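Data block below; observations after.
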């Protein structure tokens, strides 16, 4: 039996041509694996058949939408994950899931290697290969686009020469990646960071400058997990889908950013993530109601580290697992409802409530019924500021001693 390689297959130009390139370069049979993470577009059966028509000996399709939402999006939401405070890890979350299925299918079918269609300039090559190395160190990773210096022009020529069933042209300069958590667009005229994005660039969101009647939604969380919209319970996947539609209609979740890639360069990216940005805003607001101050402060540092690890392709690392444990414990009381108004590109919180709330009305009110004993504040302030007072006295004494030992020269 010939050796096999399992290719992460998207149905696009690079991975369709990659089937033939892999066969020619390695002599191995190519198994195509297409993973549905909610990217939409073509039917997965059409993609499966295209892989076979392009020369794959077998094509496997995995519906991983619910798995993606439950096991990748939900942890990211609990972590309020935003790389460099802006990017909700659209691609960074899907790559370890795809890599997991690459490793699984490779072992099930007796393949000794896996492959992907990433270039040598991006983050995804690292994410795929680091994940495979962590899950299946016996497998080798092949990157034909990177390792064989295969350009888009060469891919188009190859596709035409071999009559591959794909329609591609040089007129589409963008590189696009999308899943149910968001959509990423790069290259083309966006490579000049002075060029503003045009409206035709967007797919998940409507123009936020075209005002529509506001939409009000109430999102319910249980232990950090979104479980309902307006009192109707849904799966995490369905909640993301519903909010993509509702928030996207108001242009919420558009992000235009220059970010630092893992490989050492800066890259201009445009993202659309209506559900992601709405849910993160709601989740953060509920945490402000239910998490004590010190835990919240510390968690913000953990959130940054968590997002960096995932962005850098270390989903399966020991540190990531340890941070997961901390974040999971922090969510025990993050249950309740957040009411939001969606309009004009913004998701604005207008109400919050929780049976686990740390907000005590009787302590917070300035009206009759106030139970806060203000007489205790004077002593609290005295003790709280005592270290600063002692330090200031010390500094003043040292300064005075220095002046006494070395007085300023008398003026002539």
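A Cβ is built for glycine as well, from the same backbone N, Cα and C atoms used for every other residue.
Here's what Swiss-Prot has on this protein:
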BINDING   8, 9, 10, 11, 12, 13, 14, 15, 16, 117  ATP binding site
BINDING   87, 123, 127, 175, 259, 271  L-citrulline binding site
BINDING   119, 123, 124  L-aspartate binding site
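Annotated features, which come from Swiss-Prot, shown on the structure.
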residue	record	CB count, 10 Å
8	ATP binding site	24
12	ATP binding site	19
14	ATP binding site	21
16	ATP binding site	29
87	L-citrulline binding site	22
123	L-citrulline binding site	19
127	L-citrulline binding site	27
175	L-citrulline binding site	17
259	L-citrulline binding site	17
271	L-citrulline binding site	26
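For residue 119 (L-aspartate binding site), the count of additional Cβ atoms within 10 Å of its Cβ stands at 16 [all protein chains shown]. Here the Cα atom of residue 8 (ATP binding site) is found 12 Å from that of residue 124 (L-aspartate binding site). Cβ environment of residue 10 (ATP binding site): 34, 47, 117 lie under 8 Å away, each six or more residues apart in the same chain. Of all the binding-site residues in the list 12, 14, 16, 119, 124, the shortest Cα-Cα distance to residue 259 (L-citrulline binding site) is found for 124. Residues 87, 123, 127, 175, 259, 271 are recorded as binding L-citrulline; their most distant pair of Cα atoms lies 19 Å apart. Of the candidate binding-site residues, 12, 14, 16, 119, 124, the one lying closest to residue 87 (L-citrulline binding site) when CA atoms are compared is 124. Among the binding-site residues listed (119, 123, 124, 127, 271), 119 has its Cα nearest to the Cα of residue 16 (ATP binding site).
Across the residues annotated as binding ATP (8, 9, 10, 11, 12, 13, 14, 15, 16, 117), the widest Cα-Cα separation comes to 13 Å. Counting only the Cα atoms, the space from residue 14 (ATP binding site) to residue 119 (L-aspartate binding site) is about 10 angstrom. Across the fold, the C-alpha of residue 175 (L-citrulline binding site) and the C-alpha of residue 12 (ATP binding site) stand 11 Å from each other.
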